[in-house]
Amino acid sequence: MKLPVYLDYSATTPVDPRVAEKMIPFLTENFGNPASRSHTFGWTAEQAVENAREEVAKLVNADPREIVWTSGATESDNLAIKGAAEFYQTKGRHLITVKTEHKAVLDTMRELESSGFEVTYLEPMANGLLDLDAFRAAIRPDTVLASVMQVNNEIGVIQDIAAIGRICREHGVIFHVDAAQATGKVEIDLEQLPVDLMSFSAHKTYGPKGIGALYVRRKPRIRLKAQMHGGGHERGLRSGTLATHQIVGMGEAFRIAREEMAAENERIRRLRDRLLAGLADMEEVFINGDLEQRVPHNLNISFNYVEGESLMMAIKDLAVSSGSACTSASLEPSYVLRALGRSDELAHSSIRFTLGRYTTAEDVDFAISLIKDKVARLREISPLWEMYKDGIDLNTVQWAAAH
Amino acid sequence: MAYSDKVIDHYENPRNVGSFDKDEDGVGTGVVGAPACGDVMKLQIKINEEGVIEDAKFKTYGCGSAIASSSLVTEWVKGKTVDEALAIKNSDIAEALALPPVKIHCSVLAEDAIKAAVSDYKAKLGVADDGYEIRKSAA
Ligand SMILES: Cc1ncc(COP(=O)(O)O)c(C=O)c1O
Ligand code: FES
């Protein structure tokens with residue numbers, strides 16, 4: 001087993017060797033510009049780009065003409081939200097999103113607020129899911145767009161995209177979905193789903209970083225104001241010479257995801273259940289986010305009475321993410337966990353394990369024993385654990401506000 | 001976050017972890033910080049008849065630097081008089097552990113813990129100590 005063990009697949013995934021192999025010729029011999037119409041170098045590249053577009057479309061059951069290449073999900077979110085908000089602003093200037101969205105959505109919304117749009121940020125329920133009645137109630141006559149992610153990057157919960165989309169349709173609201181964490185993990189059928197815009201990223205699904213796509217529905221047609229101007233590539237929606245090798249990589253990664261996801265998710269679910277079983281018998285542990293409506297890849301747990309950063313330090317043989325931000329200049333813990341109503345303490349002591357294609361049972365067992373050992377050690381030196389064991393209710397203690 | 005070797009040493013081998021009975025004579029207990037801020041430090045000192053700190057123990061909920069700061073402080077206060085212990089400055093702790101700027105508050109907390117423990121000890125003796133009333137009540 002190679003240390004540290006990587007359990008941070010939601011941050012990024014390694015490129016599948018099959019993907020890397022497919023990409024390389026497009027860096028060297030097939031280096032043509034896909035926009036070159038006058039020679040075979042260009043035609044070869046264009047063919048490769050169109051094959052990849054078809055693969056991306058196939059994974060989500062869309063038409064290849066509905067796929068626009070971007071540099072990643074961040075750009076797709078920006079193009080979708082700003083592009084639609086700006087194009088349709090004569091219809092209204094109100095937008096709706098959720099507090100647990102990725103920063104690529106939240107900061108885009110903030111940016112639009114500064115140019116006169118109004119945004120409603122909905123609180124999710126305690127399990128991380130969106131309350132459909134609250135969503136419906138937030139819609140106003142001037143609401144033009146709603147943006148709700150399919151799979152949350154921190155807690156892995158899956159929103160009911162079909163139901164949210166139906167509500168949007170009833171009210172004539174454009175519906176954008178950030179699906180960066182969803183591809184290869186949940187079935188996506190855009191012929192069935194009432195979704196107008198959907199963001200994808202390659203590097204969360206064993207493709208390369210720096211490439212993504214935006215799905216833009218053709219029927220009924222969704223119009224966007226371009227955010228990148230230039231040579232008019234991608235039907236004018238996103239100018240810039242296409243990164244053939246990256247696109248080929250994304251296509252291959254999404255092809256593999258389509259063919260292997262059913263079996264892979266089953267295997268990963270067994271590993272996640274093993275991890276959960278191994279940790280759940282500890283005292284004072286809390287799972288963050290709904291356990292049923294959730295991708296099998298994610299387990300987000302808070303270990304009460306140990307502080308997140310010291311826990312991360314103790315488990316440096318595991319590459320995982322922490323909900324604690326005590327490291328940075330701000331002492332704010334994860335905004336996602338806070339939005340679920342988790343206390344600062346529990347948010348501080350949370351760890352996100354995300355499993356993936358190359359995770360083994362051995363990795364999981366190693367993680368379980370390391371976590372158990374280190375949490376016990378940190379609790380041994382934790383005054384809060386001592387107080388808890390002495391039967392003191394920490395909520396009744398008056399703390400000195402030290403900083 | 002890269003930690004200095006000294007922080008890692010104290011973090012991995014914390015000195016003087018534990019608790020004294022806080023009602024025992026000569027024991028001063030200081031609890032500073034708050035769970036919501038991500039750090040709580042409990043420092044206890046045991047003071048003999050000559051007014052010398054003969055033993056110290058700590059428990060800390062906090063980052064590695066906070067754990068290291070409190071562990072270091074338990075070593076430093078031993079053998080010192082109460083007044084000598086009060087002279088320990090957070091900057092001394094930060095320097096000894098090579099803490100980066102974002103971790104200075106962890107050493108501030110350790111300094112506060114010394115003050116709170118001394119203040120508690122004095123209060124138990126019935127010695128008025130205007131300066132630390134607030135900390136004492138918070139502990
Ligand atoms: C939900 C979600 N949206 C957007 C992004 C950003 O994707 P990219 O790195 O492709 O810009 C990420 C990845 O961090 C994500 O998890
Ligand atoms: S205790 Fe908060 S960063 Fe050290």
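Each position is counted from 1, following the chain as shown.
In case you wondered, yes, glycine gets a Cβ from its N, Cα and C as well.
All TrEMBL annotations are machine predictions without curation.
Values in this document were obtained by computation on a predicted structure and should not be read as measured data.
A:GLN181 is the only one of A:GLN47, A:GLN181, A:GLN293, A:GLN398 that TrEMBL places in the pyridoxal 5'-phosphate site (with A:ALA73, A:THR74, A:ASN153, A:SER201, A:ALA202, A:HIS203, A:THR241).
Counting Cβ atoms from all protein chains shown, A:HIS203 (pyridoxal 5'-phosphate binding site) has 23 others lying within 10 Å of its own Cβ. Comment: pyridoxal 5'-phosphate site residues A:ALA73, A:THR74, A:ASN153, A:GLN181, A:SER201, A:ALA202, A:HIS203, A:THR241; largest CA to CA distance 30 Å, whole number. Neighbour count (other Cβ atoms within 10 Å of the Cβ, all protein chains): 28 for A:LYS204 (N6-(pyridoxal phosphate)lysine). Checking the binding-site residues A:ALA73, A:GLN181, A:THR241 against ligand 1, the ones with a C-beta less than 6 Å from an atom of that molecule are A:ALA73, A:GLN181. The Cβ of A:ALA202 (pyridoxal 5'-phosphate binding site) lies under 8 Å from the Cβ of A:GLY72, A:PRO208, A:LYS209, A:ILE211, A:GLY212, A:GLN246, A:GLY249, A:MET250, A:ALA253, A:PHE254, each on the same chain and at least six residues away in sequence.
Classification of A:THR74 (pyridoxal 5'-phosphate binding site) by DSSP places it within a helix.
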